[in-house]
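Copied over from Swiss-Prot:
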- GLY63, TRP65, ASP83, ASP99, ASP124: S-adenosyl-L-methionine binding site (BINDING)
- LYS164: active site, proton acceptor (ACT_SITE)
Amino acid sequence: MSGKKRTASSSRWMQEHFDDHYVKLAQKRGFRSRAAFKIEEIQEKDKLIRPGMTVVDLGAAPGGWSQVAVKLAGDNGKVIACDILPMDPIVGVDFLQGDFREEKVLDALLTRVGDAKVDVVLSDMAPNMSGTGGVDQPRAMYLVELALDMCHQVLAPNGCFAVKVFQGEGFEEYMKSVREAFKTVKTRKPDSSRPRSREVYLVATGYKL
């Protein structure tokens, strides 16, 4: 029975995916994923990225956010991306493949950033979901904590941070930590985010050293 249920659920997901307006639109516009529209919507509201900025994109693969970021940052900007999964090259994006949870990967990423401060940290990281909330939520919260730690290491004064967070245990405490580090924090649920998803995006501006 469980196998049949999984098969039916998978079929529903596939149908939803291929019928998805944003998936079709992503294909039409040459975006690598529907996630590109999430950062576009956030950018439209919050104007995080401007020409000449340095941006770090965590959880970048397959590259939807990096595509948007590199276009906004322009020729004089810099985009440094990282993901545990491989990502096809994007012109203007310096990509590091590795597990961000590992110290050696963080060190390699910091080396690529160099001495200059970063203007924007983006994180669309998420763990592989098991379907068990008691397992998935702590894993997801650990990743967003690491992303906030990255901000503390590289972000310039008044810098910005946009991070995907799953609502659940630890969310309110995390929100408090972000509010302590930034002047303004807003919660965004982009139209391109599936309604049934628990994901929201915290958009923080005005980093306080």
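Each residue, glycine too, has its Cβ placed from N, Cα and C.
The record assigns GLY63, TRP65, ASP83, ASP99, ASP124 to the S-adenosyl-L-methionine site; their largest pairwise CA distance measures 18 Å. A gap of 12 Å separates the Cα atoms of TRP65 (S-adenosyl-L-methionine binding site) and LYS164 (active site, proton acceptor). For the residue listed as 'active site, proton acceptor', the Cβ neighbour count at a 10 Å cut-off comes to 23, with all displayed protein chains included.
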